[in-house]
Amino acid sequence: MATAVSYCLLSCIFALLVVSFASAGKDDQDKQVYIVYMGALPSRVDYMPMSHHTSILQDVTGESSIQDRLVRNYKRSFNGFAARLTESEREILASMDEVVSVFPSKNLNLQTTTSWNFMGLKEGKRTKRNPLIESDTIIGVIDSGIYPESDSFSGKGFGPPPKKWKGVCKGGTNFTCNNKLIGARYYTPKLEGFPESARDNTGHGSHTASIAAGNAVKHVSFYGLGNGTVRGGVPAARIAVYKVCDPGVIRCTSDGILAAFDDAIADKVDIITVSLGADAVGTFEEDTLAIGAFHAMAKGILTVNGAGNNGPERRTIVSMAPWLFTVAASNMNRAFITKVVLGNGKTIVGRSVNSFDLNGKKYPLVYGKSASSRCDASSAGFCSPGCLDSKRVKGKIVLCDTQRNPGEAQAMGAVASIVRNPYEDAASVFSFPVSVLSEDDYNIVLSYVNSTKNPKAAVLKSETIFNQKAPVVASYSSRGPNPLIHDILKPDITAPGSEILAAYSPYVPPSESDTRHVKYTVISGTSMSCPHVAGVAAYIKTFHPLWSPSMIQSAIMTTAWPMNASTSPSNELAEFAYGAGHVDPIAAIHPGLVYEANKSDHITFLCGFNYTGKKLRLISGDSSSCTKEQTKSLTRNLNYPSMSAQVSGTKPFKVTFRRTVTNVGRPNATYKAKVVGSKLKVKVVPAVLSLKSLYEKKSFTVTVSGAGPKAENLVSAQLIWSDGVHFVRSPIVVYA
């Protein structure tokens, strides 16, 4: 009897345990990482953010131990934490007066031997520099880490870090900083096979860091292609890296990115470059980059961000806040071309970075559709995985309707591949000989194959040319208009982003299915244009160390090379593709006038964007409030270097922009307004500005009127203020 009772009791306990474990398992599955953003740090001396965060989390979860809940604290530059929460816990936290927002931690995506010469920033003594101030400049790189042994980041010849530096070298396992690479932190989770370290396991972070501030390294090439000196915009500057991207997956969590901003600001970096972007965007208080960059701006730090790689369609821009300096990508005059010689003697010019030399030998040509017996025609034409028959492609050159799958041809024994890309405006590295052709050129090859009994071709090693039309906005570069703030023009500026040769990590091959390992390679993207502008911003700061982030941004935008619709593959998008134009580093040193917007101006902007009361005070960290006038203020009146307005396309419109300029040129200057390139009626009042002293400010209005533009189109003009020496240019954009 006792045995039966004991058995029954054990059975009941076991059943309860099963239910308990099942419930716990379900509860864990229901939890996800949320960011609890609480605004600026309170100014009270006795405020202890970590204790406060712990107390809040204990109260909401009902758990005394929150070790498994708390992911990280934000405690150095702004206030908040990341934690594993259920939906009901998220709702409770979101309702608290001391909380600005609670939003899921998402994954963000990762977005040179001649590019700096192309922009006018020449090597050596040909470019004016302030080496001592440049050496005191620190660029914070929020990315995938860095390869510290690269010559681009050597500390040889550098003195100790600047006295203002408050950071550390916490690079982790087998990682050493130096007097060039002065700081390193990492925020990535521990993954099997990857040591906990700030080392770069994707190559992306090393590439972007060297573009911005890498040392000058001579005789660099990619297997002989692009040979020259690789260097950053400010080679004497220091670098601090903040690794936020998971090794092996090339994804970057927003809770880690926010922690990187928290540290970078407190570490006293001068410029932040962040070549990351979200797939989808929300409001400002749920936008990780916007939050981090706002607090950086409040501390005098400019954040530069890539526009995104989702072009050429409109409204694909993902960097939208006005305190983020948003950079589109263009080409430069250098290009890598890969010729295809057909059996009939015709030569077709394609694009790729092909370092493989087949010695001009011609091989049989086969189309993917003809090399498959188990896929439909479309999939076979694309050389989709599992479609190609090795017996039909081995030892041949395979034509594929897309450049996404040449590796399939290689895996099946092909010696080379010819692929199609309607936007073949940026050469890529492949793991075997590939030439990427335009639609028309690809059809020429296809026609030759279909009309010839034994078609043959040769794919030659790439050549470097220097006569390419430039700058032209890259097809992949994301376009406006701004989907969140319709009256703020984005992108802001354009810089080289295509076919950039820069430092890399030898831990990862330069392309998919590649067996090679290199320390320098060629990559394209707004990830590459972003650090170019960060380097320019740092360069300007060496001449004007007291300038605010908005002054530096204005100087770059108003002195940019003018661009026009012919420099964008989607011509009708114009300024939505290139913003104010192409960056000109030398002109940006002396802009004449600047449009300055400080923290209080951005607070007024937030008032007009319906941020009021307690939430506004939490974000600002002070007693800021919105007056009735500020609440009614239009976002287009933020003192921004460009002017943009969305209007009705069905009726005449009239919009007014209010702006203020600050004289940074010369005293006793008179600037006259001129409007060029417009079908619009534009009135500037006053049309003449007399400035007696440096840093004197003058305000004016710009009123634009006309018939409503056609749907999905824009109409633009250029306002130029000139004193005969300086030409301060701002785009004016109106769209429906």
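Heads up, the Cβ atoms here are built off N, Cα and C, so glycines get one too.
According to Swiss-Prot, the features are:
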- Asp143: active site, charge relay system (ACT_SITE)
- His204: active site, charge relay system (ACT_SITE)
- Ser527: active site, charge relay system (ACT_SITE)
- 33-110: domain 'Inhibitor I9' (DOMAIN)
- 115-589: domain 'Peptidase S8' (DOMAIN)
- 362-442: domain 'PA' (DOMAIN)
- 1-24: signal peptide (SIGNAL)
What does DSSP give as the helix, strand and coil breakdown of the domain 'PA' (362-442)?
23 helix, 19 strand, 39 coil
Let me know the DSSP-derived helix, strand or coil state of Asp143 (active site, charge relay system), please.
strand
Spatial separation of His204 (active site, charge relay system) from Asp143 (active site, charge relay system) - C-alpha basis, Å
7
Should one count Cβ atoms within 10 Å of each candidate's Cβ, the active-site residues Asp143, His204 would be headed by Asp143
May I ask which residues of the same chain, at least 6 positions away in sequence, place their Cβ under 8 angstroms from the Cβ of Ser527 (active site, charge relay system)?
Leu110, Gln111, His204, His207, Thr208, Ser275, Gly306, Asn309, Gly497
Kindly report the helix/strand/coil residue split of the domain 'Inhibitor I9' (33-110) according to DSSP, in that order.
21 helix, 24 strand, 33 coil
Mean pLDDT for the domain 'Peptidase S8' (115-589), as a whole number?
94
In DSSP terms, helix, strand or coil for Ser527 (active site, charge relay system)?
helix
